Structure formats: structure tokens, C-alpha cells
């Protein structure tokens with residue numbers, strides 16, 4: 001076909017083109033119809049999904065608020081019950097102002113408008129006790145009159161007036177049920193410019209003895225009054241939705257449906273029926289049913305609303321039109337096809353320009369290489385990495401003159417493989433520098449290699465971060481010393497190397513003495529600074545080949561490699577003790593601290609790293625027991641003692657399970673009339689094979705292994721039960737003293753243990769005496785004062801045991817609720833006749849009398865000792881001269897006899 005046939009008569013081309021064009025137009029319309037249909041289906045599905053998600057979110061929001069509302073109401077119910085318990089425990093007119101402050105009513109229960117206590121029968125209200133008074137509040141159906149005794153919060157917060165007929169029903173329901181009952185809607189003053197607000201009364205009946213009788217008649221007969229609390233609904237709900245909710249509106253109806261009287265509504269003008277989302281829930285409160293109507297607000301609907309379906313529809317229509325246009329254009333004549341080709345060529349050129357721009361501005365270094373490995377092009381980023389001019393870089397033969405680390409990867413890329421490599425040299429010149437990651441990508445056309453693209457990323461920061469993380473994983477963050485895990489690896493290697501050359505390995509276990517005192521008194525920041533200085537001093541005491549690790553707190557391990565004799569460990573330990581004991585300066589403060597060191601040597605003290613560490617640990621504790629600030633080598637006896645401790649611990653646990661402990665009681669006597677004034681409970685272990693074991697054999701192990709709390713709890717319960725049994729048997733009420741360990745006081749179990757023992761036995765708290773040493777009290781004075789004051793308020797007596805042997809300051813006597821001091825047996829042993837002990841006892845007795853404290857002496861074994869003590873004004877004594885510790889049956893015989901006949905001296 002010649003050019004004339006192609007581009008001949010225009011009329012001929014016009015005539016042919018429409019026929020060809022018309023034959024394909026239906027395809028374009030079909031594509032448009034199908035595309036629009038699919039688009040509408042997708043849009044409809046998206047709208048449905050969005051609606052479902054919005055409904056789910058609204059339901060979750062309602063669930064969360066409804067649970068919160070229910071939880072808050074439950075909290076108010078529990079608070080009113082706590083108020084009832086307080087009122088029940090008060091014999092006189094309750095001080096509701098104190099109750100309000102104790103329970104933090106204003107802070108924790110802001111919905112409470114006022115509190116009133118109504119007593120039966122009515123009596124005159126004491127004006128100075130009442131915030132407001134109401135003469136005759138209501139009458140019960142039996143004709144009993146009730147009157148407000150006291151009230152809390154301003155008078156303006158009270159209801160406008162009482163309606164006896166209306167509130168009688170609530171009072172009677174509360175009385176007959178014994179549970180919280182609430183009234184309907186009443187107007188309560190808010191105390192602010194908003195005037196009176198809707199609220200309700202929550203009423204709790206109060207019965208004699210504080211408990212709710214089981215029978216209806218008993219509840220009516222034992223009724224002593226009512227605790228009535230006025231609660232504002234809007235303040236009650238304020239913290240849940242805020243003052244003006246923006247997402248959901250709430251209506252609260254006082255009844256089982258939305259037609260019930262309106263109690264509260266968060267939005268006066270909100271049209272609940274027209275809301276997009278709507279739910280109705282119910283609350284059971286104090287015998288009444290509330291209906292809660294929830295509706296979504298524009299704030300919520302704007303959050304869940306989405307323009308995504310609209311965008312999807314618009315995009316779909318646009319795509320449909322584009323498809324239609326494409327198919328329509330494909331149906332056009334050859335002239336239109338040529339025009340499309342021309343536009344496509346222009347577009348490709350534009351894309352090429354964009355790719356070129358991307359090549360230049362890429363955040364990575366990029367270079368192209370030919371088949372021979374020469375650089376044909378690169379961007380500015382690569383030049384910055386290389387530090388060279390473009391002219392120097394272009395043309396470089398990377399296989400011969402470039403970075404040698406990249407040669408193998410580049411060869412693989414030329415052969416058609418994608419490769420990646422990291423190098424610590426510059427990408428082109430190979431000079432030492434930062435870290436780079438190079439990715440080689442071969443570019444092929446029809447299976448033939450055109451060139452190779454190399455993408456270069458500077459990973460120096462990542463490498464430095466990885467190195468830092470690696471360091472943190474194996475070193476202590478505070479001191480920079482090796483941590484426990486890495487130290488264990490070094491110790492394993494050192495043992496393996498020593499085995500090959502027939503050498504020894506030394507392991508030193510260090511523990512700073514009294515470091516906890518520094519932390520507790522001066523703070524952890526000072527303690528941390530001190531540890532850093534200690535670590536620096538330790539590094540100066542060892543060789544570079546040795547290893548130091550901080551394994552936690554104030555504990556360190558030191559590995560001494562390649563030793564020829566154990567004496568080398570002693571020399572290092574002496575250097576460390578001398579270095580650590582030097583004064584430390586932190587700012588303007590100066591500290592002195594000591595260290596206890598345990599030494600174990602491989603292979604004699606442990607076959608492996610774990611065994612060696614355990615041996616060094618035992619030796620360190622031996623150094624602690626030897627007075628601290630010294631070092632001790634591990635010995636077989638220490639290991640035997642450790643095994644003995646473990647065996648004793650296991651036997652003690654079995655003894656607790658099998659109830660093998662027993663109590664003996666030693667009488668405390670007023671020698672002026674030989675009358676028994678009390679008894680001290682002393683624990684013994686009735687071992688099935690070894691017989692009766694004294695406390696000195698197992699109490700230290702129980703303290704060390706954490707069993708003393710369980711044993712102490714058992715002693716408290718057993719002593720209280722026995723004292724109650726003697727009382728029930730007709731004997732005079734006898735106070736029983738129980739020794740309390742420092743651990744019970746320190747770990748916070750003492751209060752619950754004492755309360756549990758008293759509750760389980762029914763013993764009067766005034767008959768329980770707790771003996772606590774000075775040292776136990778001073779470990780944590782604030783905690784001790786708080787716990788002992790709580791117990792003292794219950795009536796429990798507190799006695800300082802072994803007085804004069806512990807803490808050197810007497811300032812604690814002013815803070816502690818102490819009833820009695822016990823003079824330690826070490827002072828009594830050598831009197832009369834020893835002037836120092838006589839002076840100490842005389843001072844203790846005089847001080848006790850001055851502080852109005854009782855005093856008792858223990859360890860009295862002779863008549864001369866008793867006479868000396870009595871002459872100083874200390875008639876209460878305890879010791880073998882008066883009575884030995886006896887089992888409960890034998891001690892009961894002493895009680896039956898009524899007096900004590902002293903034994904012969906000694």
C-alpha cells in the first residue's frame with residue numbers, strides 16, 4: 001500500500017474511520033457499565049462495614065461507661081457500708097466530721113452532698129456537733145421516732161425538707177433488708193451558683209453490735225438508727241463523661257423503662273430519638289431499677305464518620321471513566337493511535353527525566369558499572385561517601401583499582417547474581433573509614449547484561465548502635481564492669497585454660513558492708529556514685545588479665561587467672577580491703593565503707609564455675625560473720641554448715657506442715673506478792689527423732705531462709721488460743737507475751753498476723769503483749785511506728801525486749817507506743833556485785849519510771865538478784881529462780897495454785 005492509499009482523499013478517510021470506530025464503541029460502553037457496577041457494589045459493601053464498625057464502637061463506648069457507672073455506684077455502696085461499720089463501732093454519738101476526713105469523702109466520693117446519722121429513739125441534737133439539724137425526720141410504721149444526730153457538710157447541701165410519708169418506705173426497706181436502699185429523685189443543694197440539683201438518699205440501717213440479724217423481727221428489734229447519705233447525681237457522674245460529654249448523651253430514668261421519671265440528662269436539648277446510635281441499659285441500685293438511655297452526639301458521629309466510601313466511589317468512577325476513555329481511544333483510527341504513540345513517547349521521556357532526577361537526588365549513594373566493572377555514572381551522595389571528585393571516580397575499574405572487599409560481589413553481579421556486602425572501607429577507593437552496605441543489582445534486557453547498579457548505604461550509625469547494645473548486653477550499665485553472664489563465660493574459659501597448664505583460678509566474692517544504710521539514708525543516686533568509685537578502685541587492684549564483674553547491688557566478683565599459689569588471692573584481697581576502706585568523696589560529703597571478701601580457688605573449692613561461685617559466696621558470708629572488713633577462704637566446714645542449713649530448712653518446712661512446733665510458757669511474777677502477772681510464750685521444736693529442740697538451734701536458720709514469718713504467725717495463733725483457753729477454764733485473765741522477729745516487722749506481715757490470731761481465738765487484745773528488740777525497730781523506724789501504733793490502738797501492749805543491748809540512741813522511745821521495758825539477762829547475771837551492771841539497771845528502772853513505763857527483768861536466777869531488783873522498784877521478774885518454761889498443762893497447774901514459790905538459787 002503506498003502513501004497515497006494511506007493519506008489519500010480526506011473524504012475517503014472520513015468515510016472509513018466512522019464505520020471502524022462505530023463497530024468498537026459498544027465495547028467501551030460495556031466496560032464502563034461493568035466497571036461502574038463493580039464500583040457501586042464495593043461502595044455499598046464499604047458503607048455497610050463502616051456502619052457496623054461504628055455501631056460496634058458505640059456499643060463498646062456505652063459498655064465502658066456503663067461499667068464505670070456501675071462500678072462507681074458500687075464504690076458508694078461500699079463507702080456507706082464502711083460508714084455504717086464506723087458508726088456501729090462508736091458507743092457515743094459518732095463524729096461524722098472525723099469520719100468524712102478519715103474516708104476522704106470530699107476527694108474520693110465527690111457526689112456526697114451530706115451525711116446524717118439518725119438514732120432511735122430520738123433525742124435532742126447537740127448543736128455544736130451538727131452541721132444542720134432536722135427535728136422529726138420521719139416515723140417508722142411502729143411509731144418509732146427518729147432524729148438527725150449529726151451531719152456533715154454545709155447546711156445548704158441538705159434537702160429542702162423531709163417528707164416522712166415518702167421516706168418512711170426507704171427507711172423501712174433499709175431496716176428490714178439490712179442492705180443499702182435508696183430513695184427516688186430529690187432536690188439537693190449544690191452549694192454553688194447552680195442551685196439545687198437532682199439526687200437521691202442512700203440509707204443503711206445500723207443495728208446493735210454492728211452485725212445484721214438474720215431474722216426480720218430481730219432486725220426490727222435491734223435497730224439503733226440509720227446512716228443517711230445524700231448523693232448528687234450530676235457530681236456522681238461528672239468524672240465519667242466530664243462536665244459536658246462530647247461523644248455520647250445520657251439520660252437517667254428512675255424506673256424500669258424510658259417512660260419513668262427523668263432523673264438526670266447530660267444534654268437538655270439533645271434529641272435522643274433522632275440520634276444515629278441509641279441504646280438502653282439498666283442499673284439495679286439499692287433496691288431500685290434505673291433506666292439509662294444512651295445516644296450518640298455529633299462529636300461521636302464525626303469521629304466514626306468517614307469520607308472513605310465517598311473517595312472510593314469517586315475514585316471508582318474516575319477509574320471507570322479512564323477505562324472507558326482507554327477503550328474508546330483504542331477504538332479510534334490510526335491517526336489517533338499515532339497521536340497516542342507520540343504522547344507515550346513524550347511520557348517515557350518525562351519518566352526518564354524523573355528517573356534521572358531520582359538518581360541524582362536519591363538518599364543512597366548510586367553508581368552504574370559496565371560489563372567490565374568500570375564506573376560509568378554516580379550521584380552526589382556517592383561522591384560524598386568517597387570524598388573524591390566526579391572526574392576521579394568515573395572510569396575507575398572496580399575489579400582492579402577499587403575496594404577489594406567488593407570485587408567478589410561485583411563479579412557475581414556481572415555474572416547475573418544479586419549480591420549484598422558490608423565493608424568498613426570507602427566504596428570506591430577502599431580507604432579505611434566508616435561502615436557501608438553495598439547492594440549490586442544486575443540490569444538485563446532480553447537476557448543480556450546491560451549494566452550493574454550499585455546502591456551504597458552508610459551504616460556507620462547503626463554499627464555504632466549495635467556495638468553499644470553489644471556492650472550493654474555484657475557489661476554493667478552503671479560501672480561499665482563485666483556483667484554476670486559475660487563473667488561466667490570468662491570463668492569457664494579460665495578454668496579450661498588452667499586445666500591445660502596445671503594452674504589455679506581464684507574467685508573473690510565481694511560484698512560492701514552496710515551499703516544498704518547509704519542507699520536508705522542518702523538516696524540511690526549517692527549509692528550509685530559510690531559504686532562507681534568502688535569499681536574504679538577495684539580495677540586498680542588487679543591485673544589487666546583478671547576480670548571484675550558487678551553481679552547486682554553491692555556485690556562484685558573478681559576472677560584471678562593463671563595462679564601458681566592460693567596466697568596470691570590473699571594479697572589481692574588485702575589490697576582491695578585497704579583500697580576500699582580509704583575515704584570516698586562525693587561532692588562535699590566524705591564516706592568510709594568496708595568490704596567483706598570470700599575466696600574460693602579452683603580446683604579444690606569447686607569443680608566448675610557454679611560450684612566455685614557458691615564456695616566463694618559461703619566464704620563471704622563467713623567473713624561477714626567474723627566481724628566484716630576481712631577476707632576468708634572457703635573451707636570444707638563451711639560447705640558442711642551450708643548443707644546443714646539446707647537440711648534444717650527442709651526439716652523446718654516439714655515441721656510447719658506436720659505441726660511439730662510446741663509452746664512452753666514461763667511465768668512473769670510480781671515478787672512483792674508472789675502473784676503471776678503474765679507469761680512469755682517460748683517456741684520449741686518437737687522433732688520426731690531428735691526430741692525437743694530449743695529455739696537457738698533453728699530460729700537463726702528460719703530467719704536466714706525466710707521461714708520466720710510462718711513460724712511467728714503460728715506462735716501468735718497458738719499463744720492466743722492458749723490464753724483464751726485458760727480464760728475460758730476460769731483462770732484470771734493473763735497477758736501472754738510473744739517474741740516478734742525483725743523480719744515480721746520489716747516485711748509487713750505482723751499487723752495481719754496479729755489481727756488474724758486475735759480474730760481466730762477471740763482473745764481480748766489487751767491480753768496480748770508483743771516483745772520487739774531495739775534492733776528490729778530501728779531497721780525501719782517509720783514502718784515500725786506505723787504498724788505498732790495501729791496495734792496499740794487495738795489494745796495490744798508493746799514491750800522492748802533485751803533493752804539496752806541494741807541501738808545506742810534513746811530517741812526512738814519518744815516515737816514508739818511502748819508499754820514496758822525488759823531488762824536484758826546480761827545485765828542481771830552479775831548483780832549485785834558488779835557496779836557497771838548495777839548502774840545500768842538503776843538507770844533503766846529510773847528512766848522507765850520517769851517515762852511512765854512498766855519495767856520487767858529477765859534471767860533472774862537467785863534471791864539476791866531478785867532482792868536487788870525489787871529494791872530499785874522493779875517487782876516484775878522472770879527467770880529460773882521463779883519458774884522454768886513449762887508446757888501448757890504444767891503451767892495451768894501454776895495458775896491453779898495462784899502463787900509462785902521460788903526455787904533454790906541457781
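Along the chain as shown, the residues are counted starting at 1.
Glycine too: its Cβ is placed from the backbone N, Cα and C atoms.
The stretch that TrEMBL tags with transmembrane segment, taken from the ranges 26-43, 44-61, is 26-43.
Segment annotation: TrEMBL labels transmembrane segment over residues 312-330 (candidates 312-330, 331-349, 350-368). Within the chain carrying the transmembrane segment (26-43), a Cβ under 8 angstroms from the stretch's Cβ atoms is held by residues 309, 312-313, 316-317, 319-321, 323-324, 327-328, 331, all 6 or more beyond its ends. Mean pLDDT of the predicted structure over the domain 'CHASE' (166-237): 83. Across the domain 'CHASE' (166-237), DSSP classifies residues as 26 helix, 28 strand, 18 coil. Each residue in the domain 'GGDEF' (503-636) gets a DSSP state, and the totals come to 57 helix, 41 strand, 36 coil.
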